[in-house]
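Features from Swiss-Prot:
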type: TRANSMEM; residues: 5-25; note: transmembrane segment
type: TRANSMEM; residues: 38-58; note: transmembrane segment
type: TRANSMEM; residues: 85-105; note: transmembrane segment
type: TRANSMEM; residues: 135-155; note: transmembrane segment
type: TRANSMEM; residues: 168-188; note: transmembrane segment
type: TRANSMEM; residues: 209-229; note: transmembrane segment
type: TRANSMEM; residues: 243-263; note: transmembrane segment
type: TRANSMEM; residues: 275-295; note: transmembrane segment
type: TRANSMEM; residues: 306-326; note: transmembrane segment
type: TRANSMEM; residues: 331-351; note: transmembrane segment
type: TRANSMEM; residues: 387-407; note: transmembrane segment
type: TRANSMEM; residues: 417-437; note: transmembrane segment
Amino acid sequence: MTNYFPWLTIIVLLPIFAGSLIFFLPHRGNKVIRWYTICICSLELLLTTYTFCYHFQLNDPLTQLTEDYKWINFFDFYWRLGIDGLSIGPILLTGFITTLATLAARPVTRDSRLFHFLMLAMYSGQIGSFSSRDLLLFFIMWELELIPVYLLLAMWGGKKRLYSATKFILYTAGGSIFLLIGVLGIGLYGSNEPTLNLETLSNQSYPVALEIILYIGFLIAFSVKLPIIPLHTWLPDTHGEAHYSTCMLLAGILLKMGAYGLVRINMELLPHAHSIFSPWLIIVGAIQIIYAALTSPGQRNLKKRIAYSSVSHMGFIIIGIGSITDTGLNGAILQIISHGFIGAALFFLAGTSYDRIRLVYLDEMGGMAIHLPKIFTIFSILSMASLALPGMSGFLAELIVFFGIITSHQYLLMPKILITFVMAIGMILTPIYLLSMLRQMFYGYKLFNVPNSYFLDFGPRELFVSISILLPIIAIGIYPDFVLSLSVDKVEAIISNYFYQ
């Protein structure tokens, strides 16, 4: 279905163009800029929702709302956009989290024009990379995303912000080199005219050796973003230093771009190599769940502890992608959406409680529950969501990944039992570090000894942000078909490539 009205182009370009108008707004304090940004974000979210409700057919696994504009003539480079069941979930998640992150960024007063412009530019890059149907365009959007994050880190971070920003840019730019090599290698192979169109590429077959080389290149690029150990070390530093609204975007969306690329490029375009590499992916995912869950209790810094819990949750996504079953891949997509909400909410709460008590190390905190009862309540609920309490979205996602790995015909019985056992140990270790974090922060008497200790509890703004993240978590936990019905046809189409041989 070719659409004559360029919905997706408007959705991708609106935030960055509207954001560049911020610099022309009158100097009337930060309030104008803040409200302008929030309005742009909400308008974008409404526009996206409208487009998906009225112009998107759920039961069609093909790409919809496609747009094709010639961009560079002699290189056959098109501005190609289109969405299918795989990208619609992350795009809506992006809109939701970015709107709430701009709402959460109210304490930022220094250089607030640049800050809000960077938030909007990041928004464009994220939606562009989720909806692009051209590999080079995907790469450009992937890179466009990188610069705002670096600046947000280096200008509004904590004490060691320059170190962590440099580490971040080195890791991700190093990964992007491999991504560029892979994109050019795929585009230039096997035909006189280079093509970068995802549709034509997904029907093309490559020699297995070349496919493996390309696969490794893409895998390195994506495992920096979706941190797969041993390439995860930028994540705790970056999260420990960034301002919490940046953290929400990092945990909620940036990590999901890696998972999306893994499914979109490695699984769709390179099926043979993926079936060779998937046992290794599963092993790495299981190791990662255990490793991050064991490293997390040793972190004194609150944000670093939450960052390691993110790394641990990403292990489930890797296992779901590696299991090559409908169930496993659906579980991975559900975990992508669910962790997008949970991770963002936890970082938001960590940041707001830091705004209240100005302590970042867990062993200095204690007794916060008496002064800040609302923060305590919401933090506890979200920790339960993160440790996969039944009725929350995390539980269902991990359960579906479990079923996916058990029902997989790819592997023998013994390895499957072993991997399931390791995953179960990881799920047991998760409550240990999360509950000890709650205990160190909220229980005890430490903050009693602070002179004139009167702390403001949650205001209406913080309550609004945290509850609007909490509602989708519970909704997905009770009725996961919200998310699964979007992607289930597309997932079947991807998996059917694997069993035609």
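Here, residue 1 is simply the first one shown, and the rest follow in order.
A Cβ is built for glycine as well, from the same backbone N, Cα and C atoms used for every other residue.
Given the structure is predicted, the values throughout are model-derived calculations rather than measurements.
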Kindly say whether the transmembrane segment (387-407) and the transmembrane segment (85-105) touch, using the definition of 3 or more Cβ pairs under 8 Å where each pair is 6 or more positions apart.
no
Report yes or no: does the transmembrane segment (135-155) come within contact of the transmembrane segment (209-229), defined as 3 or more CB pairs under 8 Å with a sequence separation of 6 or more?
no
Could you check whether the transmembrane segment (275-295) packs against the transmembrane segment (417-437) - three or more CB pairs closer than 8 Å, residues at least 6 apart in sequence?
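Counting Cβ pairs under 8 Å (6 or more apart in sequence), the transmembrane segment (275-295) reaches the transmembrane segment (417-437), since there are 3 or more.
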Give me the stretch from 168-188, 243-263, 331-351 with the greatest number of Cβ pairs under 8 Å to the transmembrane segment (209-229).
168-188
Does the transmembrane segment (331-351) reach the transmembrane segment (168-188), going by 3 or more CB pairs under 8 Å (6 or more apart in sequence)?
no
